[in-house]
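Asks: Just lifted these from Swiss-Prot, have a look:
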| type | residues | note |
| --- | --- | --- |
| BINDING | LEU6, LEU7, SER8, GLY9, GLY10, VAL11, ASP12, SER13, LEU32, GLY116 | ATP binding site |
| DISULFID | CYS92-CYS191 | disulfide bond |
| ACT_SITE | CYS92 | active site, nucleophile |
| SITE | HIS117 | site 'Interaction with tRNA' |
| ACT_SITE | CYS191 | active site, cysteine persulfide intermediate |
| SITE | GLN325 | site 'Interaction with tRNA' |
Amino acid sequence: MKIAVLLSGGVDSSYSAYSLKEQGHELVGIYLKLHASEKKHDLYIKNAQKACEFLGIPLEVLDFQKDFKSAVYDEFISAYEEGQTPNPCALCNPLMKFGLALDHALKLGCEKIATGHYARVKEIDKVSYIQEAVDKTKDQSYFLYALEHEVIAKLVFPLGDLLKKDIKPLALNAMPFLGTLETYKESQEICFVEKSYIDTLKKHVEVEKEGVVKNLQGEVIGTHKGYMQYTIGKRKGFNIKGALEPHFVVGIDAKKNELIVGKKEDLATHSLKAKNKSLTKDFKDGEYFIKARYRSVPAKAFVSLRDEVIEVEFEEPFYGVAKGQALVVYKDDILLGGGVIV
């Protein structure tokens, strides 16, 4: 089978390509220029080229920087301006990697596209679904909720059945040169955030704009450094007059540049809604497991679809729900889709 492999210049994607080559597939390497300095792109392309030379496969470089900026990066900035906590990876996957890049791969005659994502594809009754990775600590299925069945059927995740801790030893044994590659240490999960998301925002908007902090009764009880520097659940970085116990951000009013704070129990949510829904075609109202943050433990909830809006009623209180984050629905370890929390 002819498969396109997205190569980032790192160990995971390189080993993904190696494992597919060992299985006898015909491969085409693809490097995506999305958002980084030219210096970084040059290094990553050089690393990807070394992997391709080792495997004896071609490498194509696709420049999607303009598309990425308008569809993902600018949306990230806008969401924070609106007081939300966005999830750019959940946007990038369907639009860039499994959108534009997949389209290009199909034009090259490839039947499928592979990445180093920690996830799996499972076929149930001839329909392809995303399944959680074996390594639950590194599972990335959460970011793939917006993919259609027809797209999922064209995906390959060679690392989905492996543990993250085993990848590097396996890769170095198979491809010794990987241990000598120069690289940049990424400090954030978001590819275009080099130091902190606040530093990224500062390049485009006024972040340090002091405002007031109010309690749930609407009383002014302190000050903050600028609403975009805070997310739901944060308990530091603002001043509360005479505070004797911890206060947490429970609400953000972007238009007024105000924070609303409360006690930890005030972070509890019993229900929520999500828009821009992307659910499996056979979805039915019922009890499922929910993730409302990437690192959150799946929570039991009753999920229903009302006029294109996903409505969730949690079995137990869920803490720290932020507007703009992805709400993802699972049946056991099978991904059924999700939406954006409103």
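Glycine is treated like the rest: Cβ placed from N, Cα and C.
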Asks: For the ATP binding residues given in the record (LEU6, LEU7, SER8, GLY9, GLY10, VAL11, ASP12, SER13, LEU32, GLY116), what is the largest pairwise C-alpha separation in angstrom?
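Replies: Taking every pair of listed residues, the largest Cα separation comes to 16 Å.
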Asks: I need the nearest neighbour of ASP12 (ATP binding site) among the recorded positions CYS92, HIS117, CYS191, GLN325, using C-alpha distances.
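Replies: Out of the listed candidates, the nearest Cα belongs to HIS117.
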Asks: Based on Cα distances to LEU6 (ATP binding site), point out the closest of the recorded positions CYS92, HIS117, CYS191, GLN325.
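Replies: Of the recorded positions CYS92, HIS117, CYS191, GLN325, HIS117 has its Cα closest to that of LEU6 (ATP binding site).
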Asks: Please report the Cα separation of CYS92 (disulfide bond) and GLY10 (ATP binding site) in Å, rounded to an integer.
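Replies: For CYS92 (disulfide bond) versus GLY10 (ATP binding site), the Cα atoms are 19 Å apart.
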Asks: Can you check which residues sit near SER8 (ATP binding site), meaning Cβ under 8 Å from its Cβ, same chain, 6 or more apart in sequence, and list them in order?
Replies: TYR31, TYR44, ALA48, GLY116
Asks: Indicate whether GLY10 (ATP binding site) is helix, strand or coil by DSSP.
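Replies: For GLY10 (ATP binding site) - judged by DSSP and reduced to three states - the answer is coil.
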Asks: Determine the Cβ neighbour count for GLY10 (ATP binding site): the number of other Cβ atoms within 10 Å of its Cβ.
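Replies: Its Cβ has 19 other Cβ atoms within 10 Å.
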Asks: About how far apart, in whole Å, are the alpha carbons (Cα) of CYS191 (disulfide bond) and LEU32 (ATP binding site)?
Replies: 12
Asks: How many whole Å apart are the CA atoms of LEU32 (ATP binding site) and HIS117 (site 'Interaction with tRNA')?
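Replies: About 15 Å separates the two Cα atoms.
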Asks: Provide, as an integer number of angstrom, the distance between the C-alpha atoms of GLY10 (ATP binding site) and HIS117 (site 'Interaction with tRNA').
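Replies: Answer for this pair: 12 Å between alpha carbons.
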Asks: With Cβ-Cβ distance below 8 Å and at least 6 positions apart along the chain, what are the contacts of HIS117 (site 'Interaction with tRNA')? List them in sequence order.
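Replies: In sequence order, GLN140, PHE143, LEU144, PHE157, LEU159, GLY160 meet the Cβ cut-off.
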